[in-house]
Amino acid sequence: MLDIKRIRTDFDAVAEKLATRGVDSTILNEMKEIDAKRRDILVKVETLKAERNTVSAEIAQAKRNKENADDKIAAMQTLSAEVKALDAELADIDAKLTEFTTTLPNIPADSVPVGADEDDNVEVRRWGSPREFDFEPKAHWDLGENLGILDWERGGKVTGARFLFYKGLGARLERAIYNFMLDEHGKEGYTEVITPYMVNHDSMFGTGQYPKFKEDTFELKDTNYVLIPTAEVPLTNYYRDEILDGKDLPIYFTAMSPSFRSEAGSAGRDTRGLIRLHQFHKVEMVKFAKPEESYEELEKMTANAENILQKLNLPYRVVALSTGDMGFSAAKTYDLEVWIPAQNTYREISSCSNTEDFQARRAQIRYRDEADGKVKLLHTLNGSGLAVGRTVAAILENYQNADGSVTIPEALRPYMGGAEVIKP
C-alpha cells in the first residue's frame, strides 16, 4: 500500500513513476483532490470540537451559577450535529482513499527499466550454455508420459484440466528437488517453515493479492479461508501487526508448499505440461530487512535462487522486469528463466522481488530501530527458490537421452536412493 503522505508531498514524481506502470494520472488527481478535501474537513472538525468544548464549559459554568443555559445547550446540539455530519463525510472520504491506496501498484525503484510489458525486460546475465542435441529433443510432457512418471490423463479424469499425477521416480524426483532446495537454502541461513495451506482474507490483503486479484485465487465457500497461491502469503504475514527488534533483522524464511492458482486469463496458454497448473509445489524464500539493507538482500536472494540452477547445471538467464511487467506489490523484480530445449527458449522458473515497505504498510509489520528507538516500517522481499514443477520440466528436457531415458542430475542422486537414470 502506498504512503498517502508521499503522494501528497511528492505528487508529480509519484504520478510520473506510476504512469510507467499504467496508472492513469486522472486517478491520482482525483485522489489528491479527495485528500485535500479530507484535510479541510479535519480542520473544520477540530475547530467545531474546540467550539463545542468551549460551549460545554460555559454550560457547566451557567449551571453552577444557576443561570439559564438553554441557548448554549441549543448551540451545543447544533455543533454536535455538525461534527457528526462531518465525521460521516470523513468516513466516506477515508473509504475512498483506502480504495485508491489499496488498488494502486507499488512505485518502481529508480533502477527498474521503464517499459510497457515483457518485451521491455532487460537481460542482466546468463549462466551455462544450452545443450546441443544430436537428436530432436522431446517435450517434457511426452518424456514424462513415455517414462510412466507423469499422468495427465488420469489427473484430468480425477480433477480436471491442468492437474496431474506424479508416479514412481517422477514422484521421487519432485520430492528430491524440493528437499534439495530446502537444504541449500538452509545452508544460506534461511529458517525452514511449514505453513498453513489456507490463509484468511487479512493475510491476502497484507501481501497484496486482495482485493485487486481475488479472481486469481480459490476461496473456500462460506468461510474466511483462501487456498494459498504461494507460501509468500503465510510467511510474510507471520509477523503481521507485530513490531520486531531491529537487531534481529534481517530474518530469512523458506518453505515448500503447494500453490493454488485459478489461472484466470490464461486460457489457451501452456495447456500442456508442467509450466502452468492449478496446483503445484514451490519453494519460497521470504526476507524481512531494514530499508537501507533491502536491495543488498535482493541481490543475495537472487543469488540463492541461481545457486539451485547452477548446482543442477541448468542453463538460465536473469532479467530485470520492466515497470509494465512487474507484479503489483514489487518495487523491483528479477526473473530467472531456465532453458527449455523443446521450446527453444527460456521460461520463468523464479521471480525475486523487493516490495520495499508496500506489503509492510498493508500488514503493519514494523521494527524498532536500535539506533534511535523509533518504530518504523521494514522492507519485505520474496522469491521462488524454485518452482518445483518447472524444475522437473527443465530437468526432463535438458537431461534427456536419445533412447527416451533421463539422466538424474548428480546433485539430486543422494535424494533419489542412488538412482542415476529414469528409464522407460
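Note that Cβ sites are derived from N, Cα and C of the backbone, with glycine treated the same way.
Where the annotation comes from TrEMBL, it is an automatic prediction and has not been curated.
Feature annotations, reproduced from TrEMBL:
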type	residues	note
BINDING	Thr230, Ala231, Glu232, Arg261, Glu284, Asn382, Ser384	L-serine binding site
BINDING	Arg261, Ser262, Glu263, Glu348, Ile349, Ser350, Ser351	ATP binding site
COILED	45-96	coiled coil
DOMAIN	172-409	domain 'Aminoacyl-transfer RNA synthetases class-II family profile'
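Here the features listed in TrEMBL are painted onto the structure.
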residue : record                : DSSP (3 states)
Ala231  : L-serine binding site : coil
Arg261  : L-serine binding site : coil
Glu284  : L-serine binding site : strand
Glu348  : ATP binding site      : strand
Asn382  : L-serine binding site : strand
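Each residue contributes its Cα atom, and for Glu263 (ATP binding site) and Thr230 (L-serine binding site) these two points are 13 Å apart. For the pair Ser262 (ATP binding site) and Glu232 (L-serine binding site), the C-alpha distance works out to 17 angstrom. The Cβ of Glu348 (ATP binding site) has 17 neighbouring Cβ atoms from other residues within 10 Å, across all protein chains displayed. When the binding-site residues Glu232, Glu263, Glu284 are compared by the number of other C-beta atoms lying within 10 angstroms of their own C-beta, Glu263 comes out lowest. Looking at the residues that bind L-serine per the record, Thr230, Ala231, Glu232, Arg261, Glu284, Asn382, Ser384, the two CA atoms farthest apart are separated by 18 Å.
Comparing Ser351 (ATP binding site) with Glu284 (L-serine binding site), their Cα atoms are 10 Å apart once rounded.
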